Amino acid sequence: MDYLLQVKVGALVGLLLLTLFFGFIPARMKWFHVTGGTELHKAVLSFVSCFAGGVFLSACLLDIIPDYLSDIHGELQKRDLDDGFPLPEFIMACGFFTVLILEKMVLSCTEGHRNEETAPLLAPAAPNGHAHGHPSVNDLEGSGHHVHVDFHAHSSFRSFMLFLSLSLHSVFEGLAIGLQTTNAKVLEICIAILVHKSIIVFSLSVKLVQSAVKPLWVVLYVTVFAIMSPLGIGIGIVVIETERQAGGLIQAVLEGLAAGTFIYITFLEILPHELNSSERPLLKVLFLLCGFSIMAALCFLG
């Protein structure tokens, strides 16, 4: 096993264990059983989410997209497929729209069942920015995800569809790690994904606990969510390690889909969710710049 493969396997195991760790913290600590949390709790999650947004922004613009464009242009030139159509950018757009359409399908499905359930899954926001009724994930500013969910609506089908959507996000995130060809890039993207996933799984676990979901279901949801990024890493490793004539082109296309997913996560989830809030805007921008600057420095030094 070469060193790069060892690094990817280490990232796979580390991402799995740390995601499980952050997901199970709320289930074990009484502090998180208090509905609504504290202002300090919300502020810390919000600042960490902004930092993660900066990390993702830097990884997108300075590393993932440039490397993908270089790889895909090289593969297209080998096969004389460069006919003037912006195919590389189109592939990225496909990754972006795949995640967007998936999420909207899930939300439409839950909306279609709204009248059949006692409690709605998507809690409408009040004018002051807070939802009436049961708390939603949106109440935690640092959740890192913009899907506003009321887990007290205990339809097993709707809960499964929601976590399926989040889990597919994670598969594409892990895919970006598995497709990398250098140790530094694997570690850089792994850090970004780890910060992002930890915030999401932590916040979702808090709301599951506060909504009196059975402990067994909390464990199941957290475990399924945790294994999705490692699954994506494994798929990427298989693609890289499989020697076939079209392997380079397949790898480049998957890199483009993963890049589109990163664009979606950064620009439609983390940044709007945090920066649209009027609370502590300058501090949020500061944490955003810190995350971006650290990853930019790593790119420069690497």
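The chain as shown is numbered from 1 upward.
Yeah, the Cβs are placed from backbone N, Cα and C, and that goes for glycine too.
Residues of the topological domain 'Extracellular' (1-6) grouped by DSSP class, helix first, strand second and coil last, total 4 helix, 0 strand, 2 coil. What Swiss-Prot lists as topological domain 'Extracellular' is 1-6 (among others), and the listing cites sequence analysis.
Taken from Swiss-Prot, the feature topological domain 'Cytoplasmic' covers 28-44 (among others).
Averaged over the topological domain 'Extracellular' (66-86), the predicted model has a pLDDT of 84. Look at Swiss-Prot and you will find 66-86 (among others) tagged as topological domain 'Extracellular'.
Annotated topological domain 'Cytoplasmic' per Swiss-Prot: 108-158 (among others), in sequence order.
If one looks beyond the topological domain 'Extracellular' (180-185) by at least 6 residues along the same chain, the residues whose Cβ comes under 8 Å of a Cβ in the stretch are 3-4, 7-8, 63, 67, 236, 240, 298, 302. If you look up Swiss-Prot, you'll see 180-185 (among others) marked as topological domain 'Extracellular'.
The feature topological domain 'Cytoplasmic' is assigned by Swiss-Prot to 207-219 (among others).
The topological domain 'Extracellular' annotation in Swiss-Prot covers 241-247 (among others).
Taking H, G and I as helix, E and B as strand and the rest as coil, DSSP gives the topological domain 'Cytoplasmic' (269-281) the counts 8 helix, 0 strand, 5 coil. Annotation comment: Swiss-Prot describes 269-281 (among others) as topological domain 'Cytoplasmic', evidence class sequence analysis.
The transmembrane segment feature in Swiss-Prot is assigned to 7-27 (among others). Remote same-chain residues near the transmembrane segment (7-27) are listed as 1, 174, 177-178, 180, 183, 186-187, 190, 193-194, 197-198, 201-202, 204-206, 208-209, 215, 218-219, 222-223, 225-227, 229-230, 233-234, 236-237 (criterion: CB distance under 8 Å, separation of at least six residues from the stretch ends).
Sequence annotations record features per position, and here Swiss-Prot assigns transmembrane segment to 45-65 (among others) based on sequence analysis.
Swiss-Prot lists 87-107 (among others) with the feature transmembrane segment.
For 159-179 (among others), the entry in Swiss-Prot reads transmembrane segment, with the evidence type sequence analysis.
As annotated by Swiss-Prot, transmembrane segment applies to 186-206 (among others), with the evidence given as sequence analysis.
For 220-240 (among others), the entry in Swiss-Prot reads transmembrane segment.
Residues or ranges marked as transmembrane segment by Swiss-Prot: 248-268 (among others). Outside the transmembrane segment (248-268), and at least 6 residues removed from its termini, the chain residues within Cβ reach (under 8 Å) are 53, 56-57, 59-60, 64-65, 67-68, 71-72, 74-75, 78-79, 88, 91-100, 146, 169, 172-173, 175-176, 179, 196, 236, 239-240.
For 282-302 (among others), the entry in Swiss-Prot reads transmembrane segment. Beyond the transmembrane segment (282-302), the same-chain residues lying 6 or more positions past its ends with a Cβ under 8 Å from any Cβ of the stretch are 46-48, 50-59, 62-63, 182, 184-185, 188, 191-192, 271, 274-275.
Long-range contacts of the topological domain 'Extracellular' (66-86) within the same chain, counting only residues at least 6 positions beyond its ends with a Cβ under 8 Å from a Cβ of the stretch, are 92, 185, 248-249, 251-253, 255-256, 258-259.
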